Amino acid sequence: MGRKNRTRQRAQPNRDGRPEGKRNRDDAGWGAGYSEIIKENKLFEHYYTELKIVPEGEFEEFMEAMREPLPATIRITGYKSHAKEILHTLKEKYFKEVQDLEVDGQKIEAPQPLSWYPDELAWHTNLSRKILRKSPLLEKFHQFLVSETESGNISRQEAVSMIPPLLMKIEPQHKILDMCAAPGSKTAQLIEMLHSDMDIPFPEGFVIANDVDNKRCYLLVHQAKRLNSPCIMVVNHDASSIPRLHFDQDGKKDILFYDRILCDVPCSGDGTMRKNIDVWKKWTTSNSIHLHGLQIRIAVRGVEQLAVGGRMVYSTCSLNPIEDEAVIAALLEKSEGALELADASADLPGLKYMPGITSWKVMTKEGQWFSDWSEVPTSRHTQIRPTMFPPTDPEKLANMKLERCMRILPHHQNTGGFFVAVLVKKAPMPWNRRHPKLQMGESLADVPPADGSSADAPVEAVEVSSARCVSGPPPPKKMKLFGFKEDPFVFLTEDDPIFPPIQAFYDLSPDFPKLNVLTRTREGKKRNLYMVSKELRNVLLNNSERMKVINTGVKVWSRNNDGEQFGCAFRLAQEGIYTLCPYIRARIINISVEDVKVLLTQENPFLSKLGDDAHTQAKKLEMGSIVLRYLPDPQDLDAPQCPIDLCGWRGKTSIRAFVSRNECLHYLRMVGVEVFRDKQGKRNDGSTETQEESTEDAEGLSQEADLLEQEGEETEQNANGTEPVSSTCDGPTS
């Protein structure tokens, strides 16, 4: 989670307390290493002993847990209808194979579901990344994890990292902002929750995922693109000054307020010592002191953009109250009753946590303690601020209900350390009760109040004292843009000449949303066509000058010049097949489980290789792009009980599926074929690869694993995705 604030925190530690540029380990605890670092820090022990965040008599157990490696954790993506099939495969095959194994003298424990995660969709085990990658006994399991992760069906994510999205109570119509989103594991959860009903291809809601680091935005794009959603937009801004966005509502320009905001701020990361071992030797209290101001600024900007009635979840992977309760207390005090801490104690049954504390002290890196702001010498006023201390007024402190905050301690459920608080906005923020400052060319009628209320509502007259101006938010900074210049996002018009051939070829239904289709070029031939949801289109069209968009949309069609002779120059793209399929009424072949096996294991099978029913359907179609659809049979419980849609191509005498390598493996497993590459490049489904191909695949899988397992690595990804590969997972096709 290593991130930095580019404008104000250049020299500060990143999300996990390390200097920027140091490689982080993965988010799921698959990392081992750093054996040369001694897991001792007397200042750390002294500090947390004094603060009493750990129950009496448990501190030794707490420290022992901090020194143990973090368990590996996986989460099955919950929005795809394939989740139950993946869960069944894991429980009935892979988990049974790995339990009771011994690797290098270590007994592998049977994976267990996280008791508090719904529907058994998250599991943990004592497997480390090192053991997974090096042990021949676990090679099949490792290949399964890597390919399913790349397909978006599994996310390797630390257990505590899964908590904030669950507390947001997301519904499909919600507008969501993820303020500090990279590398994207929580963002992926948010997207899944939007798509909880797979019968709705375009939920009304959307996720805007932001990160200050331009390069890390591409890792975020990679994570989000695995889920193939038209409802995600990745942007690149300083979270503490993320711009206010406009959108059209009922023909009027309105200000965008979010229903849900995830505010997972940069922090010192001392809750991550189990996976980021170098925090042990680098930890001091100065990290928290330096980050406190930035955390407040980001959180203030978040609640400013939150709609009245909305929820914002504030979280850190730090145990330090200066980064936790102190920030929440400062927010509540600034809000003058506009914000309220929600009681989330019943939201995740089975989760063990400690309630927030109401009394704490501040310690310098030299070990000097201060109990109150009045004790701080003038010489330290620039480093230590009043907001770092608990409120002195007992009544004000009691009304804040800080005990509703949640601190997760590592020894209670064998996790990392974490802090989370849920804030509900009951009224406009005090400094937002007037109309916002008008931009050039805007009139008062054009811009509604900055409080999320109706433009027709009377504006509350508020006397803002000089003291309140000081405690309110700082003036917005001028937006700075970093990194690469992105290709434009160009929406097509309904009468674009590109549509009639597509409409006729695929017999698109009349309600197909043509206005939601975009391309990434203004001139020349359009190579790929993408789709976004109606609301994201609204946001894009109204904010092109004030927002730096890195990526949005899911690819639905790709140009194939050979297709022009068959009536359509665009073939279907597997990435967007589940978005498009509700609108396609032609070019569909219904296939059986045996047909799926043939299509995904044979290079270019003749039409006659299909079953009689599919063969008859295929013969009636002209050459060109097709949908290969499997529909479950409720009577055949051994077959997959979820629909499968594959992009394909009907040739003159043959047929093939166009799916990526890892999706190919995924669908083969779903129909009962396990694909495993041994050292000689042989696959147990009957096909073989050359040594060169096998080596390339092995290197590709390793690179994919590294990309997803090392979330701090600054990796650039092609925002337009990759081209499909052949159905036998061997390489590109024409």
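The backbone N, Cα and C atoms fix where each Cβ goes, glycine too.
Per TrEMBL, S-adenosyl-L-methionine binding site is recorded for C180, A181, A182, P183, G184, S185, K186, D211, D238, D264. The feature compositional bias 'Basic and acidic residues' is assigned by TrEMBL to 13-28. Sequence annotations record features per position, and here TrEMBL assigns compositional bias 'Polar residues' to 717-734. According to TrEMBL, the domain 'SAM-dependent MTase RsmB/NOP-type' annotation covers 62-426. The feature region 'Disordered' is assigned by TrEMBL to 1-30, 680-734.
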Cβ atoms other than its own within 10 Å of the Cβ of D238 (S-adenosyl-L-methionine binding site), all chains, total 23
If you tally other C-beta atoms within 10 angstroms for each of the binding-site residues C180, A182, the top scorer is A182
Around the Cβ of K186 (S-adenosyl-L-methionine binding site), other Cβ atoms found within 10 Å total 26
For S-adenosyl-L-methionine, with binding residues C180, A181, A182, P183, G184, S185, K186, D211, D238, D264 per the record, max Cα distance (Å, no decimals) returned as 20
CB contacts under 8 angstroms to G184 (S-adenosyl-L-methionine binding site), restricted to the same chain and 6+ apart in sequence, sorted by sequence, are A209, L219, L220, H222, Q223, A224
